[in-house]
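S.K.: Got a structure for you, written out below as structure tokens; questions coming shortly.
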Amino acid sequence: MLESPHIPVLPSEVISLLQQTKNPNPQWFLDGTAGEGGHSKLILKTFPEAKLILIDRDAVMLERAKKEILKEIGSLDRVHAFQMNFSEVDSELLQEVGCPSLDGALVDLGVSLFHFLHSGRGFTFKNDEPLDMRLEANIGGKTAADVVNYSSVLHLKKVFWEYGEERWALKIANNIVQTRHKKKFGTNTDLVKLVEASIPRKFWPKESHPATRIFQALRIEVNEELVHAEKGIRALAQCLGIGGVLTCISFHSLEDRIVKWTFRDLKDNGPFEILTKKPILPSETEIKENRASRSAKLRGLMKINPIKESRWEK
């Protein structure tokens with residue numbers, strides 16, 4: 001199947017925030033979620049003298065991003081690529097590539113459209129695929145099938161409620177446990193059918209599939225997305241140089257809540273300033289051109305000089 005060209009979310013808004021860096025000659029940026037390389041290409045074009053640390057936890061996505069950058073920029077000479085989680089970024093990694101500190105960083109917390117349409121890992125409802133959902137499938141770790149087949153009713157209920165905000169969490173969890181005694185869940189289709197049967201049709205959401213919240217919850221659980229989001233935001237904030245900017249794009253309320261609260265905590269307890277009093281949202285035009293952007297929210301944070309002159313000092 002022919003893939004549609006990738007369109008990065010809030011592209012000009014991300015660049016506008018990164019351009020607020022106080023370094024008049026910015027040298028180092030980091031894209032913590034390379035994805036299809038859309039934002040990375042914009043960063044490299046906007047800052048032609050800068051180098052980019054390119055990170056993605058999915059080896060497939062990292063290679064796709066590098067390929068896209070090479071195609072459009074013509075070279076990977078300014079790119080240092082690593083397969084890892086952005087929550088693992090630290091001063092040692094920066095030292096490894098000769099980076100003293102970051103002038104700007106971006107994390108896009110959404111899952112790539114590629115994962116839903118082409119990964120074959122069970123993120124979608126449309127194709128019959130293994131119930132996997134791992135973003136680091138080449139490294140190992142638990143799958144969505146493991147969670148569904150071996151978790152207790154209470155744990156499943158907690159996952160579905162806390163990560164999916166699913167009102168039918170307990171009923172779905174009970175039905176899963178009853179069903180798996182007869183046959184283990186192996187594919188996404190198995191789970192979709194159970195969720196559809198568990199929720200009365202009159203309560204199905206009008207604008208999304210009834211299994212959307214369950215699949216979101218399992219994906220978050222399998223990949224520990226919210227844990228890594230907070231840890232990663234804190235890690236990248238510490239890697240900023242004075243005047244450096246961190247930008248975060250979120251796609252649902254759980255992610256945005258973590259970004260908002262973590263930014264606020266960093267501001268209250270460290271040398272940071274929030275650049276976005278309210279999240280930046282996509283325009284109506286962007287939403288029409290790129291439906292994937294419709295729930296996106298962008299927030300920005302700057303590291304400031306911790307030494308402030310007292311107003312009483314002369």
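FYI, residue positions are counted from 1 along the chain as it appears here.
Cβ atoms are placed via backbone N, Cα and C, with glycine included.
Among the features that Swiss-Prot reports, S-adenosyl-L-methionine binding site is placed at G37, G38, H39, D56, F86, D108, H115.
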S.K.: Near G38 (S-adenosyl-L-methionine binding site), which residues of its own chain have a C-beta under 8 A away, given they sit six or more steps off in sequence?
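M.R.: Looking at Cβ-Cβ distances below 8 Å from G38 (S-adenosyl-L-methionine binding site), excluding near sequence neighbours, one finds H6, I7, P8, P11, E68.
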S.K.: What does DSSP assign G37 (S-adenosyl-L-methionine binding site), in three states?
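M.R.: G37 (S-adenosyl-L-methionine binding site) sits in coil per DSSP, no helix or strand.
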S.K.: Given a 10 Å Cβ-Cβ cut-off, pick out the one of the binding-site residues H39, H115 that has the most other Cβ atoms nearby.
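M.R.: Counting Cβ neighbours within 10 Å, the top one is H39.
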S.K.: Would you mind pulling the longest C-alpha to C-alpha span across G37, G38, H39, D56, F86, D108, H115, which the record has binding S-adenosyl-L-methionine, in angstrom?
M.R.: 18
S.K.: Report the member of D56, D108 (the binding-site residues) whose C-beta atom has the most other C-beta atoms within 10 angstroms.
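M.R.: Max Cβ neighbours within 10 Å, all protein chains included: D56.
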S.K.: If you run the three-state DSSP split on D56 (S-adenosyl-L-methionine binding site), which class comes out?
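M.R.: SS state of D56 (S-adenosyl-L-methionine binding site) = strand.
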S.K.: With every protein chain in view, what's the tally of Cβ atoms within 10 Å of the Cβ of G37 (S-adenosyl-L-methionine binding site), excluding that atom itself?
M.R.: 27
S.K.: Tell me which residues of the chain lie with their Cβ under 8 angstroms from that of F86 (S-adenosyl-L-methionine binding site), as long as they are six or more apart in sequence?
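M.R.: Result: L30, G32, T33, I55, R57, V107, H228, G232, A235, L236.
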